[in-house]
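Working notes for the structure below.
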Amino acid sequence: MEAAAMAVTAATGALAPVLVKLAALLDDGECNLLEGSRSDAEFIRSELEAVHSLLTPNILGRMGDDDAACKDGLIAEVRELSYDLDDAVDDFLELNFEQRRSASPFGELKARVEERVSNRFSDWKLPAASLPPSSVHRRAGLPPPDAGLVGMHKRKEELIELLEQGSSDASRWRKRKPHVPLRIMGGEMQKIVFKIPMVDDKSRTKAMSLVASTVGVHSVAIAGDLRDEVVVVGDGIDSINLVSALRKKVGHAELLQVSQVKEDVKEITAMLAPVKSICEFHEVKTICILGLPGGGKTTIARVLYHALGTQFQCRVFASISPSSSPSPNLTETLADIFAQAQLGVTDTLSTPYGGSGTGRALQQHLIDNISAFLLNKKYLIVIDDIWHWEEWEVIRKSIPKNDLGGRIIMTTRLNSIAEKCHTDDNDVFVYEVGDLDNNDALSLSWGIATKSGAGNRIGTGEDNSCYDIVNMCYGMPLALIWLSSALVGEIEELGGAEVKKCRDLRHIEDGILDIPSLQPLAESLCLGYNHLPLYLRTLLLYCSAYHWSNRIERGRLVRRWIAEGFVSEEKEAEGYFGELINRGWITQHGDNNSYNYYEIHPVMLAFLRCKSKEYNFLTCLGLGSDTSTSASSPRLIRRLSLQGGYPVDCLSSMSMDVSHTCSLVVLGDVARPKGIPFYMFKRLRVLDLEDNKDIQDSHLQGICEQLSLRVRYLGLKGTRIRKLPQEMRKLKHLEILYVGSTRISELPQEIGELKHLRILDVRNTDITELPLQIRELQHLHTLDVRNTPISELPPQVGKLQNLKIMCVRSTGVRELPKEIGELNHLQTLDVRNTRVRELPWQAGQISQSLRVLAGDSGDGVRLPEGVCEALINGIPGATRAKCREVLSIAIIDRFGPPLVGIFKVPGSHMRIPKMIKDHFRVLSCLDIRLCHKLEDDDQKFLAEMPNLQTLVLRFEALPRQPITINGTGFQMLESFRVDSRLPRIAFHEDAMPNLKLLEFKFYAGPASNDAIGITNLKSLQKVVFRCSPWYKSDAPGISATIDVVKKEAEEHPNRPITLLINAGYKEISTESHGSSENIAGSSGIDTEPAQAQHDNLPAVRDDYKGKGILLDGRCPTCGRATKIEEETQDRVADIEIQTETTS
C-alpha cells in the first residue's frame, strides 16, 4: 500500500510522485529558484499535499464504484494539474544557469491551483462509494429471456455427465480452449473444416455435392479418424450460409475452422487438442464453474439447477453480490441458503430463527442449522459468483458431506479461487466455460439481427457485420447478445449508406459505457473492475493500449509499467501481472511445457478503452478512429497508442496537441512509422517502437536526434536496426533500453554515458562482447544477454553494485569472473544452457539473497550460507588470491543442479590440500576428489569440521581397503556421497549420527559381500545408487553391493528405508523383484535430449592442463573415474523397502 500511494495512478495522476519531486526541488540549494518562483512552488505544494492527504486513504484504500470519485470535477482537475506540474518541474530542470535566473515556471500553475482547487476544496466532500444492489448484480450476468440458449446444450450435457458419472481426467480441470478467430478473407484462399456425421454413402454424397456446388469452392476432401470432417478450400465462401444449408440437407453440421490456406494450421490444431490423463473414474461432488464475465457461468448453473432439480430432496440457488470484504453479505447469503433449503422457495429470504444474535454468533447459528438440516438429505446447492475465498470457506462449512449423492455447484470469475478449490478438495472438478464456437456465435448474432427485422440490411459475405461482432466477442454469449442488439439499433439510426462504418464497430466499442442497449454488458464488466484496488485498475487501464488482435508480451508490458511510474520494481510488477491473471482480466494460454502468451478479451479491451477515455488516461488511435474528435478534445493527450491501420500523417496535419504526451506506443503495421513527427512530442518519456519492421538504422538516428531528453524507456525489440547510433548518448535519463531480437552486433562505447540505465536487454542479438564502459552503469539492476554469442563477461561487471538480475542463459559463457562476488545485491543469476558449472567461491558472500538457475531446470540453486564472510575475514590478502584455484562452488554435476551449491576443490589430490585445512575448516559442504584413499589425518580433519553438513568424496581408483567411518565426529553431517568404482566403505557403530542421505555413484569392480553397515547410521532415511550405463546394475560388483544394502535396509531400525537405483522411471517393489537380476532388467529409459547431455559435461579448466602435479599433491595420472563420470547419464526409480514388523 505504501509503495502504491507514491505511484502514478489513473485516479490521481502524477500527484504523489510530483509532490516528492517538488519537495526535492525546493530543498536543492543549487536550483537557483527566484524568490517569487519559490513562493509559488511552496504554495502549490501546500495546497496539493492537503488534497493528497485526503485522497490517499479514501481512494487508494477502498474498492467499490469509485467512478463518481475519480471522475469528480475537482479530482479530474487535480489529476491534470499533477501532469502539468510534473512537466513544469522537468522544463525548469532542463534550463541552464542563466535561464533559470529569469524563469517563472510556476506562476500560471499557482493561479490554476487558487482558482480551481483552493476555492473549491474547503466545501468539497469525497463522493460516497457504492455497490450495485444484488438485483442489479444478478440481472447483469444473465441474458434476456428471449435470447435463447444457443451453444448451452453441449455444456449442460458435459456437466451432467460429470455430476452423475464422475470423471476420468486425473487433472480434475477442464481447460478453456484458445479462441480461433473467424476470418473472412475476400480474394484470399481459405481452408474451412466442417464436422458432418455421414453415416452412409448416401449422406456423404449429399454433403459433398452440396459443398462442391457452393460459390467459391475450389476443392473438397474427406478427413478425420471417423471420416466425418469435410475440408473445403476456396475463396469468398460464406461459411455460415453453408453450415445452414448442410444442416438442412444432412441434419447436422458444425464449423470447426476457418483459416488462410498459406497458414500452418498444425499449431492451432495442437492447441485445441484436449490433453487428458487416463485413470479410474472418480466421483465429482463439487463443480467449480470458472469463466469470464458474460461467459455464461450463471446461465449454465441455472440450466443445471432446473434440469437436475427433481433428483434432489432439496435445492438452493444463492447469488452473492460483490463487496470489498466477505462479511457484509455473508449472513444474508447463509439465511437465503437456509430458507431455500427448508422451503424450496428460490426467491425468498427469511431468517431461520427469531433470536437476537448478531455478527459471528448469528453466522455460526446459521451454519449449525444448515448443516443439521442437510445432514441426512440429498441436496443440490448452487452458489453463484464467489468473490472471496473466505466467503466460500464459511459456506462450505455449512454444507455437510454425506454419502447420499449431494452435489454442489459454484461459479466464479477468479482463477485464484478456482485454483484454491482445486488444491484444497479432491472432490472438486474445475470446469472452465469456453467460448461459443464460431458457428453458434454466428447463429446467435444473426438470430438477434433477423428477429429485429434488420437482417436484410446487415449484408452478406464479407459485408455481414455479424462476422465482425463474432470476431470481437470471442464467443462471449452476453457480449454477442447485447452487441448484436446495439448493432441493430445503429443500423436503424445510420441507414444503409453508413453500414460500412458499422462494420468497423469502433463507435460501438467506444460506446460500451454510453449506449443504453449495452448497459447490462457494461454492468457485468464494471462489477469486476470495481472489485480491483486502484493500483491494479491503473495497470489494467494501461493495457487498453493494445488492440484485441495483439498478443501481450509479459516482460514488455511489465517494464513499461515501471517506466510510466506505476510500479517501481520489476518483481513487484510481475506479481501484479499475476494478480490480473488470477482475477480473470488477462488470459494465459499454454502451460509450463510450452510457450506462454497472454491476451485480453476484445470486449474487455473495449470496456477498458472507454474507462481510460473517462480518466483521460490513454488515447488509442487506430483503424476507424475519429481523428477530428481526437484533435478537438479540450483535454491534452497524456498517453498515446497508435494501432494498426492508423495514418501517422494525421498527427502533423491535424491540430492535435501532443506536446504534453509522455508516452507513445506504436503497435502493428502503422502506416509509415518512420514518418511520425517525434519533434512534436516535446515531453516524451516512454517510446515503444517494438516489432516495427520499417525502423532501420537511418531512422533510429533521426529519431534519437528528435527525441526528448526525458525519455526513460526506449523499446526497439524486433526492429531492423543493426547498430545503436552515437546520438543515443543524449538520452541522459534513459532507464530501460530494450533492443532484443534486432541485428545489432555490438554495444557502442557511448552506452557508458547512460548513467541512469536500470534495465539493459540485448537478448537474441549478435552481440559478442560487453564493452568495458558497462562499469559506468551504476544504477543497472537487470542485465539480460541470453541467446547471444557472448563467450565471456568482463571483470567490470563486478562494478555494477546495484545489479539484481543477470541472465547469461544460452550463451557461450564457460566461466564467470570472480568479481561477481562483489555484487552484493544480486538476487537472480541465470546460467542455464551454458557451460558454467562452478561459481567463484566469493559468490558465497551474497548467498543470503542469490538464487542461481542452472542446468535445464527452473528450480533455483541456493548457495551455502554463513561461511564466506568468515572465510574472507580470516584469510590474509596475499593468500586470498590463491584461493580461487583451490576452491569453487559447484552448482551442477552429472545429475543436475543440487538444491544447495557445494564448495568444490578442483582437480584430483593425493591428500586434502593444506590450504583447505588452514583456511576452510568452517565450510558447511565440501566436494573433493582423491586418488585412491582417505588418509587417517584427512578423515580426522573432515570429522572435526564444525559446520560440515554435506560431504562428497570422489576416488579416482578403487581403494584397496574399505574406508572405515567410526563413531567419532561428523556431528552435523546430513548428506554423504561416495563416488568410486565400487563403494568400499564401512560404517561402525554410532557413525555419522545425523546422516539422513547416503548416495553411491559407482561403475564396476570385483564382487564383494562385505558389510557396509548402514544399520549403524541411526538417522538414515534414504540410500541412492547411481551407476554408469556403461556398467549395468547386473554387473557382479554392482549387483552384489545392491543386495548387501537391500539386506541391511530390511534390518534397519528406521525401516522402511527408501532405496533409489538407476533403472529408468519404473518403480520396483522388493516383493515382486527379489533379486538384483530383476532390478537390472528394468527399463533404462533416457529421457534427456542429446543437447542437454552435451551441455551437462563438466567445463574444462585450461589452467590445470599439462602442469604435472597440479596443486598441493594433485595426481595427474588418475583419470579413469573422471572420464566415466563425464560420460554418465542415468535415471532413478523409487524402491521402497517395506518389511513386516516383527514382535
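Glycine residues also receive a Cβ, built from the backbone N, Cα and C atoms like all the rest.
Here is what Swiss-Prot says about this protein:
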type: DOMAIN; residues: 189-258; note: domain 'HMA'
type: DOMAIN; residues: 282-570; note: domain 'NB-ARC'
type: REGION; residues: 1-190; note: region 'Structured coiled coil (CC) domain'
type: REGION; residues: 191-264; note: region 'HMA-like domain'
type: REPEAT; residues: 681-706; note: repeat 'LRR 1'
type: REPEAT; residues: 708-731; note: repeat 'LRR 2'
type: REPEAT; residues: 732-754; note: repeat 'LRR 3'
type: REPEAT; residues: 756-777; note: repeat 'LRR 4'
type: REPEAT; residues: 778-800; note: repeat 'LRR 5'
type: REPEAT; residues: 802-823; note: repeat 'LRR 6'
type: REPEAT; residues: 824-848; note: repeat 'LRR 7'
type: REPEAT; residues: 945-968; note: repeat 'LRR 8'
type: REPEAT; residues: 979-1002; note: repeat 'LRR 9'
type: REPEAT; residues: 1004-1027; note: repeat 'LRR 10'
The repeat 'LRR 9' (979-1002), counted residue by residue under DSSP: helix, strand, coil:
0 helix, 10 strand, 14 coil
Go through the chain and flag residues at least 6 beyond the ends of the repeat 'LRR 3' (732-754) whose CB is under 8 A from any CB in it; none is fine as an answer.
556, 559, 562-563, 690, 709-726, 760-771, 773-777, 779, 784
With DSSP, how much of the domain 'HMA' (189-258) is helix, how much strand and how much coil, in residues?
24 helix, 24 strand, 22 coil
For the repeat 'LRR 2' (708-731), the number of residues DSSP places in helix, strand and coil:
5 helix, 3 strand, 16 coil
Summarise the repeat 'LRR 7' (824-848) by DSSP state, stating how many residues are helix, strand and coil.
6 helix, 6 strand, 13 coil
Helix, strand, coil: count each for the residues of the repeat 'LRR 5' (778-800), based on DSSP.
5 helix, 3 strand, 15 coil
